[in-house]
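Scroll down for the structure; my scribbles are underneath it.
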Amino acid sequence: MGSTRKGMLNVLIAAVLWGSSGVCAQYIMEQSRMSSQFLTMIRLLFAGLILVTFSFMHGDKIFSILKNRKDALSLLIFSVVGALTVQLTFLLTIEKSNAATATVLQFLSPTIIVAWFALARRTRPGILVLTAILTSLIGTFLLVTHGNPTSLSISSAALFWGIASAFAAAFYTTWPSRLIAQYGTLPVVGWSMSFGGLILLPFYAKEGTHFAVSGSLILAFFYLVVIGTSLTFSLYLKGAQLIGGPKASILSCAEPLSSALLSLLLLGISFTLPDWLGTLLILSSVILISLDSRRRARAA
């Protein structure tokens with residue numbers, strides 16, 4: 001298999017697994033009555049530990065970033081505002097609605113990123129980016145109102161946390177670029193997850209005594225942490241390195257689609273026509289932004 005096909009396959013598998021992880025998280029919270037805060041803590045702690053361990057075995061100098069005061073502070077900010085917030089707001093959105101809706105709303109983050117950079121740099125976006133912003137707004141409108149501006153099809157809390165999740169994902173994507181360039185992806189992301197989980201530990205650790213642990217829940221935990229987080233992250237990184245960011249972004253659109261289909265098949269959650277139209281419009285905005293990035297790269 002050629003490197004391009006292998007990269008595309010890795011990203012596609014990662015996207016499907018990421019979509020399934022949201023469904024898995026919803027299953028865990030529904031079956032155990034576990035709070036989104038406790039599940040976030042467990043997910044971050046174990047996934048972070050796995051990634052840091054894997055990074056160490058890979059030969060990375062995992063403690064270098066902690067020895068530089070400025071970079072350690074930047075890592076702490078990323079841990080709180082990035083890793084912790086993006087996971088917590090995502091699970092809160094699932095708690096208030098469902099995995100499919102949470103995944104689609106979080107996919108607004110690319111539009112937020114390009115809009116922010118256009119404002120910060122005072123540059124006029126190209127036609128592809130402007131179209132992407134417009135389609136994402138229309139898609140969000142359809143998803144949350146079903147075309148009726150006088151009412152919401154999801155709760156106001158779900159909408160709030162979903163939009164917050166998109167902003168957190170935008171920060172998560174852009175903030176650590178300098179740290180990753182200097183120290184590598186696995187140490188930065190692994191430590192950020194670990195620190196994010198540790199921050200929640202004093203407040204939510206006691207919740208572990210409030211629910212019974214069954215075999216199915218343990219299996220779901222394993223899938224969420226090992227398959228849906230650690231393995232998925234590694235597959236996506238490897239695939240993105242082989243095919244480039246723009247192509248990876250387009251293929252990652254399989255994530256919300258897999259989440260919606262698995263929610264339908266496994267959890268009995270159905271999407272109406274406005275839901276599907278809104279989802280497709282938001283996904284098309286990601287594709288347009290990726291195409292614009294590819295065009296700019298060729299022109300440079």
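Positions of Cβ are set from backbone N, Cα and C atoms, glycine also.
Listed features, source Swiss-Prot:
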- 1-7: topological domain 'Periplasmic' (TOPO_DOM)
- 8-28: transmembrane segment (TRANSMEM)
- 16-145: domain 'EamA 1' (DOMAIN)
- 29-45: topological domain 'Cytoplasmic' (TOPO_DOM)
- 46-66: transmembrane segment (TRANSMEM)
- 67-71: topological domain 'Periplasmic' (TOPO_DOM)
- 72-92: transmembrane segment (TRANSMEM)
- 93-99: topological domain 'Cytoplasmic' (TOPO_DOM)
- 100-120: transmembrane segment (TRANSMEM)
- 121-124: topological domain 'Periplasmic' (TOPO_DOM)
- 125-145: transmembrane segment (TRANSMEM)
- 146-151: topological domain 'Cytoplasmic' (TOPO_DOM)
- 152-172: transmembrane segment (TRANSMEM)
- 167-291: domain 'EamA 2' (DOMAIN)
- 173-184: topological domain 'Periplasmic' (TOPO_DOM)
- 185-205: transmembrane segment (TRANSMEM)
- 206-216: topological domain 'Cytoplasmic' (TOPO_DOM)
- 217-237: transmembrane segment (TRANSMEM)
- 238-263: topological domain 'Periplasmic' (TOPO_DOM)
- 264-284: transmembrane segment (TRANSMEM)
- 285-300: topological domain 'Cytoplasmic' (TOPO_DOM)
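The list of residues near the transmembrane segment (125-145) in space but at least 6 beyond its ends in sequence, with Cβ under 8 angstroms from a Cβ of it, reads 101, 104-105, 108, 110-111, 114-115, 118, 151-154, 159, 274-275, 277-282, 284-286, 288-289, 291-292, 295.
Within its own chain, the topological domain 'Cytoplasmic' (29-45) has Cβ neighbours under 8 Å at 83-84, 87-88, 91-92, 94-95, 193-194, 196-198, 200-201, 203-205, 207-208, 211-212, 214, 216-217, 220-221, 224-225, 229, 267, counting only residues six or more beyond its boundaries. Here the topological domain 'Periplasmic' (121-124) has a mean pLDDT of 78 out of 100. When the stretches 46-66, 72-92, 100-120 are ranked by Cβ pairs under 8 Å to the transmembrane segment (8-28), first place goes to 100-120.
Listed as Cβ neighbours of the topological domain 'Periplasmic' (121-124) (distance under 8 Å, sequence separation of 6 or more from its ends, same chain) is no residue at all: none. With DSSP states grouped into helix (H, G, I), strand (E, B) and coil, the topological domain 'Periplasmic' (173-184) comes out at 9 helix, 0 strand, 3 coil. The DSSP breakdown of the topological domain 'Cytoplasmic' (29-45) into helical (H, G, I), extended (E, B) and coil residues amounts to 14 helix, 0 strand, 3 coil. Sorting the topological domain 'Cytoplasmic' (206-216) by DSSP state (H, G, I as helix; E, B as strand; all else coil) yields 6 helix, 0 strand, 5 coil. Same-chain neighbours of the topological domain 'Cytoplasmic' (146-151): 272, 274-275, counting only residues six or more beyond its ends whose CB sits under 8 Å from a CB of the stretch. Applying DSSP to the domain 'EamA 1' (16-145) sorts its residues as follows: 111 helix, 0 strand, 19 coil. Listed by sequence, the residues of this chain that lie at least six past the ends of the topological domain 'Cytoplasmic' (93-99) yet keep a Cβ under 8 A from its Cβ atoms are 19, 22-23, 25-26, 29, 35-36, 105-106, 154-155, 157-158, 161-162, 165, 259, 262-263, 267, 269.
In the domain 'EamA 2' (167-291), helix, strand and coil residues by DSSP number 108 helix, 0 strand, 17 coil. Secondary structure by DSSP for the topological domain 'Cytoplasmic' (146-151): 0 helix, 0 strand, 6 coil.
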